[in-house]
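Report on the following structure.
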Amino acid sequence: MPASSPVDDGSPGGRQVPSVSTGTPQPDDVSRTPTHSRRPGRGRDFSFRPGMFNSASSVGILLGSAMLAFGIPLLVYALNFEHHPADVTLGSLALALICSGAGVLVWRRQVTVPVRHLVLCWFGAGTLICVWATSGDAITHTFAATVSAVVLLAFAIIPSRIALWYPAVLIPAAVLSLALQPGAKLDNVAMSALLALGTGAGLTWFARSAITADTDWLTGVLNFAGFERATSVLLRDTHPGIPITLCRIDLDGFALVNERHGHEAGDQALVEFTAQLRKRLPTSAVLGRIEGDAFAFLLPGRSSSQAQTLLAGLRSAVMGFSTGIATHDADESASELFGRAGVALYDAKRVGFGGMSIHDGYYASISAVRQGIMNGEFHILYQPCVDMRSGRAVGAEALVRWNHPTRGPISPVEFIPLCEASGSIHALGHWVLEQAVSAAAHWNAAQPPGYEPVGVAVNASARELMTPDYADRAVALCQAAGLSVANLGIEATETDFGTASDNVMVNTEKLRAAGVVISMDDFGTGFSSLERLTRMRLDIMKIDRAFIGTIGSATADAPIADLAIRLGTAMSLGIIAEGVETREQADWLIARGCFLAQGYLYARPLPLDDFVRDWVNIEPDSTWWFASNPRSL
């Protein structure tokens, strides 16, 4: 399953774009922008910049340490020097600063942006109180200079535009406090004022330079460097349960504007396009111009489908553009998110003007799947395999489903290939096998003596069958649960059986020798040959629903289904028809010697309790919780 899914936006020519399975943008104008995925080594190329400390934890450590570094010497000064009654004020202030600093260090992960402002204002007010309380002592000017350190701290943890308020307020307040002290000497006040004002002017110039460095000179929005930093900040500070969607857009046919009307007209078009975007995007959106006619914006709190709806509304208001959309996955960096949106944009541009594509992401990582199992996001449904002559269930196929916390219900057609690609299929497959074996052991143990057992079948991918100990683990699970291996079936597709791996054949032979039923799923849709069929030791052939669906249609003879039944019979294989939905199909199959079927005519995939009640004819009790709860094993 490709990682990028094209979207049909209804524009002329269609939007069904072949997907790109690679995670790297292809070589065209989309890939011209670097993702800055390389990170310099620690200690190299270090430079101070406003807002460089973005994570709550690092900010908490910096703020708490600074307050302790100021509060402890202040307390020592207040306790050891009896200059005037203000020492009580200084001592109380020192204790308050020490307690505040310790609290910030302890609860550093909760130091959000509003908390940073609160702590900085308190810290700055404390230094001003020290200036006022010492009233002309030699140390007064030291306290006044400390205000500059608070301002510098503000620039380190607050974005530049907001941090400018701190020198604008604190430095004049410190100078005014010095000037209004009784007996203040003009030369000392002037020297401190010049020092403070010089520091403030330097920091202000520095901040304005940083703002300019992060701002696109033409449109006034963030440039690539600024957008990348803003993305990192947003990803760090947003709660994991809140979606963040990145949209990358390229203007359609913009090169023609420059060629026909000149670069000035092109620049004006970019300015107008940016103005229209800013007017119509949500106030929480973060907009940036990456380069040329390429833009990007972040939508906090919106999913990819919501972003798609928003973009559809923008099309009628601004000049045409192509779009790539990606929603942030857990543990994904800013550069990885930007790269995925670039892959989606490449998909969209391959169609032509106005394309839109959504990159589904790499949400099925090993850690995400393991966490999903622990959190109960996965569950198993059981679809009965029915003897069409008697209407009795002879078995059930275990089918896994995923209810993702942010993406909602995901089709196995979508997430199983991603699990195979990431390697998480091993953890998921083992969990499904474990749960299915336990459930089958329970429902068979509850049957009265002499009752025909109802087996369970589990799908296995080639990646799983290539694991050397797969067969041994499957048999061990049956023994541990008390399920006869004859009541377990392992299903794989033609393509999986045809994988060029000795382990696949070794595992299937081991399983069959132990008594496990081996089935070929979706027969007729994979890549196989008659010679391979004769070599493989199978028990059951399952005819794909695509061929069963032709029964009763214009091609009433359904030649492929008929041929598959004849072939399976000749090879002494059991035959199961998938996707049986009508009585006519069932009668046709019975007449040709195929007696077992799965399909909506009999039942959709069912939760465990419903399957047991309706098809095993026993009432579930509290023991079923053990077999159906994903965290029970």
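The backbone N, Cα and C atoms fix where each Cβ goes, and this holds for glycine too.
Note: TrEMBL annotation is automatic and uncurated.
The region 'Disordered' annotation in TrEMBL covers 1-49. Here TrEMBL flags 52-76, 88-107, 119-135, 141-158, 165-183 as transmembrane segment. Sequence annotations record features per position, and here TrEMBL assigns domain 'GGDEF' to 242-361. Look at TrEMBL and you will find 362-619 tagged as domain 'EAL'.
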Contact set, same chain, for the transmembrane segment (88-107): CB under 8 Å, 6 or more residues outside the stretch: 60-61, 63-68, 70-72, 74-75, 77-79, 119, 122-123, 126, 129-130, 133-134
Secondary structure tally of the domain 'GGDEF' (242-361) (DSSP, helix then strand then coil): 55 helix, 32 strand, 33 coil
Overall pLDDT of the domain 'EAL' (362-619), taken as the mean: 88
